[in-house]
Amino acid sequence: MLPGRLCLVPLLLALGVGSGGGSGDGGDSRRRRLLVAKVNKHKPWIETSYHGVITENNDTVILDPPLVALDKDAPVPFAGEICAFKIHGQELPFEAVVLNKTSGEGRLRAKSPIDCELQKEYTFIIQAYDCGAGPREAAWKKSHKAVVHIQVKDVNEFAPTFKEPAYKAIVTEGKIYDSILQVEAIDEDCSPQYSQICNYEIVTTDVPFAIDRNGNIRNTEKLSYDKQHQYEILVTAYDCGQKPAAQDTLVQVDVKPVCKPGWQDWTKRIEYQPGSGSMPLFPSIHLETCDGAVSSLQVTAELQTNYIGKGCDRETYSEKSLQKLCGASSGIIDLLPSPSAATNWTAGLLVDSSEMIFKFDGRQGAKIPDGIVPKNLTDQFTITMWMKHGPSPGVRAEKETILCNSDKTEMNRHHYALYVHNCRLVFLLRKDFDQADTFRPAEFHWKLDQICDKEWHYYVINVEFPVVTLYMDGATYEPYLVTNDWPIHPSHIAMQLTVGACWQGGEVAKPRFAQFFHGSLASLTIRPGKMESQKVISCLQACKEGLDINSLESLGRGIKYHFNPSQSILVMEGDDIGNINRALQKVSYINSRQFPTAGVRRLRLSSKVQCFGEDVCISIPDVDAYIMVLQAIEPQITLQGTERFWRPAAQFESARGVTLFPDIKIVSTFAKTEASGDMRATGTAPKSAVLEEMLHNLDFCDILVLGGDLDPRQECLELNHSELHQRHLDATNSTAGYSIYGVGSMNRYEQVLHHLRYRNWHPTSLETRRFRIKCSELNGRYTSNEFNLEVSVLHEVRVSDKEHVNHLIVQPPFLQSVHHPETRSSIQRSSVVPSIATVVIIISVCMLVFVVAMGVYRVRIAHQHFIQETEAAKEAEMDWDDSALTITVNPMEKHEGPGNGEDETTEVEEEEEAEEGSSSSSSGSDDSEEEEEEGMGRVRHGQSGTSSQSPERSTWNTAGVINIWK
């Protein structure tokens, strides 16, 4: 009864039965959906995968297993029937049709003829759809997705064709050749059976030649030039379906009579002058083949520079400067820096100081202090290094750790590590459970011959988890093996980052190093949160010397050439000896460094000649030469500028501070030897050295504080970051000084130094501050002179009415030792500072009035004597009360000569004799006054003028202070 009832359901739905009144259309819809759900309960079912074969130019696809869909709703109409098969994919030349809805049988066929040469196989997705719950219902249910893979069966429709319409070879008489030349035919059919050439045949009869199934033609007897100069033979080819070539090819063999082959007209020693650009190495070279039967020539020019630095002449700037020069992103952490107080973990390692190369002999490692590298490297980071490594010692080699981050105590878990194992480079990265809780990639393996070739190579590991890419010498390498692992369980155990070995903190009686590295490392860095671009990677490892070809456009036709990434090896290949000769004459050496590493570069030229099928037909000796790179002219870097100046205390306290090097100049010169003009008269050429200015870059300038570090509570050195950024420089600041670094021109460094300022919030306790600048090029290879600067503070001196002020006019003894040439800055200072002579006269008048006001008879007599001698210089008399008197004195005016100073000293001595009687009551004040006078700092001599030439201005302030200015 149940099947019968189910069969009535679609009919009832079609007639609208059950849509009683009062419910409206909404009730009908709900009931209809309910009935549909009860009828069409199941989805169709098909196989999960199908394999098919279709013959080329046919439309029938033979599937295994056959295309049949089943539905558990059968035999219910519509719900248990199959209405369609749908193919998912774009522009697929197939369609699926339903042959029987009830049985679910279908057929897959091609829409149009299939061409095997266009595509050999197809893969797509197919699904089956039932007919829903009724004819009006669109809610068909679909099966799961099945994968269909179809292979196209080839038809032998193409005939073989030869790559060349004709071939030509030259042979020497009297020789039997295993192979004179090789002909080659191709077939455009897609299958191996019909696309491969199985046989070649010589069509021409009665010729002394034979051909094998690979197309190699040989002579069956010794050929004679006198008998026949040239042979012309026709050759055909057969594919593996025995279909012959559509057209035969012509082979022409020339017979040449029977010399010593080799390269001619080359020089063993080649001198290279730095800065001379691209210099040809073999301007006249040519190959003598002795008329050998040469079909092709391969020449390899190799520049051997493995013994120089890290494999070739590269820039020797510091790693930070190189990163900045190449445009690398900021945040690089140097794991093998130069040993210093701040980076002392490399102090115990073996190092080649000239190139900062660290050598590991399998017995030492270095612990990176905590805080140098962040604990979380994020999902993006970059590791870079130079590595030189040979075969691992021992039969079963252990892991050789380059970089390792492991548990410091208790356990022996490796969080991330980079190591070499059996000449394979392996990078380990274990995620924590708080970062991931699934089975994730953990070990990435690379197998490269260069890892153990004992040569320098540049490695960059770019991590964008879970993808890890290796760059070696600029080329990209994907890992050949990636293994997965579970994340590390969380713990509170601290981690230890090491270089050259891995720290084993657990599972041993005493924590120690293990898995030591054997080899050399340099420039090992890590950059958390960033990946390096291909452009920056190429820049960092680029060689500055190599082989070059002048005028590539002028190379002859048919010349193939190839450079290795460092341009130390050039391979040229061609079938024309003349073109090869001309191309080789254009090969040159270039060194783009302004100051290259002097010395020998060995050069080898090897040749491989093909003689119509033979591997090597004649033996050409190698060319062994060498390039002598001459010593570059060493620059003399000189820093020039004002070495000493004074500024008021208020300027030190201001927000801008004091500019330390407003006029500094950086000049680089070299000595050039020139012959004198009297060579004709004397017959000899006396040589004289002439200094010429040269332009080059600098990589750092250090400003050191002398006489003790800066006190950050009251003084500092300041430089706006914008001044550095717009000139592509960086800087570090500390209490010991300021360091500006980055590869830039001398003019850039000048401009930055012009803006360096010194501030002091409490200059009253400061007399002088001394600084020293030293600049460098090529990481200290060339250094400048040590430029010293002394900055002094001008102080205000405050005295009371009970103190003697006459000793203020005494010239300080250190003034005699200060001599400086006139500069613009000193002229500006002298224009706003009163002369010492004017100050002396005013102070004398003030003391005279002071003594008269005291009413001391003895002082009055002394002052009357003094007034008689200085009456001509007196300008005004002023009375003051017993309040304190502040006199601002600028001692920076220069004296005309020593005579003026002596006159002033005589006047002071006479004043002191006149007041000697009353000075006993203020002897204590004199001592304190002398201490204030010593704190005034060093001053410069100024030119003194007479009182009539230098009118003064005196003003009273509310505190009883007299400011005296010129």
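Each residue, glycine too, has its Cβ placed from N, Cα and C.
Quick look at what Swiss-Prot lists:
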SIGNAL    1-20  signal peptide
TOPO_DOM  21-835  topological domain 'Extracellular'
CARBOHYD  N58  N-linked glycosylation site
CARBOHYD  N100  N-linked glycosylation site
DOMAIN    163-282  domain 'Cadherin 2'
CARBOHYD  N344  N-linked glycosylation site
CARBOHYD  N376  N-linked glycosylation site
CARBOHYD  N720  N-linked glycosylation site
CARBOHYD  N733  N-linked glycosylation site
TRANSMEM  836-856  transmembrane segment
TOPO_DOM  857-966  topological domain 'Cytoplasmic'
REGION    890-966  region 'Disordered'
COMPBIAS  901-916  compositional bias 'Acidic residues'
COMPBIAS  943-960  compositional bias 'Polar residues'
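Feature map: annotations from Swiss-Prot on the structure.
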{"residue": "N58", "record": "N-linked glycosylation site", "CB count, 10 Å": "14"}
{"residue": "N100", "record": "N-linked glycosylation site", "CB count, 10 Å": "11"}
{"residue": "N344", "record": "N-linked glycosylation site", "CB count, 10 Å": "12"}
{"residue": "N376", "record": "N-linked glycosylation site", "CB count, 10 Å": "11"}
{"residue": "N720", "record": "N-linked glycosylation site", "CB count, 10 Å": "12"}
{"residue": "N733", "record": "N-linked glycosylation site", "CB count, 10 Å": "15"}
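N58 (N-linked glycosylation site) and N733 (N-linked glycosylation site) are 79 Å apart (CA-CA, integer value).
Under DSSP, the residues of the domain 'Cadherin 2' (163-282) split into helix, strand and coil as follows: 4 helix, 52 strand, 64 coil. If you take the Cα of N58 (N-linked glycosylation site) and the Cα of N100 (N-linked glycosylation site), they are about 23 angstrom apart, rounded to a whole number.
Within the model, the topological domain 'Cytoplasmic' (857-966) carries an average pLDDT of 39. In this structure, the CA atom of N100 (N-linked glycosylation site) is 84 Å away from the CA atom of N720 (N-linked glycosylation site).
The two recorded residues, N376 (N-linked glycosylation site) and N344 (N-linked glycosylation site), have Cα atoms 23 Å apart. A Cα-Cα distance of 30 Å separates N720 (N-linked glycosylation site) from N344 (N-linked glycosylation site).
In this structure, N733 (N-linked glycosylation site) is part of a beta strand by DSSP.
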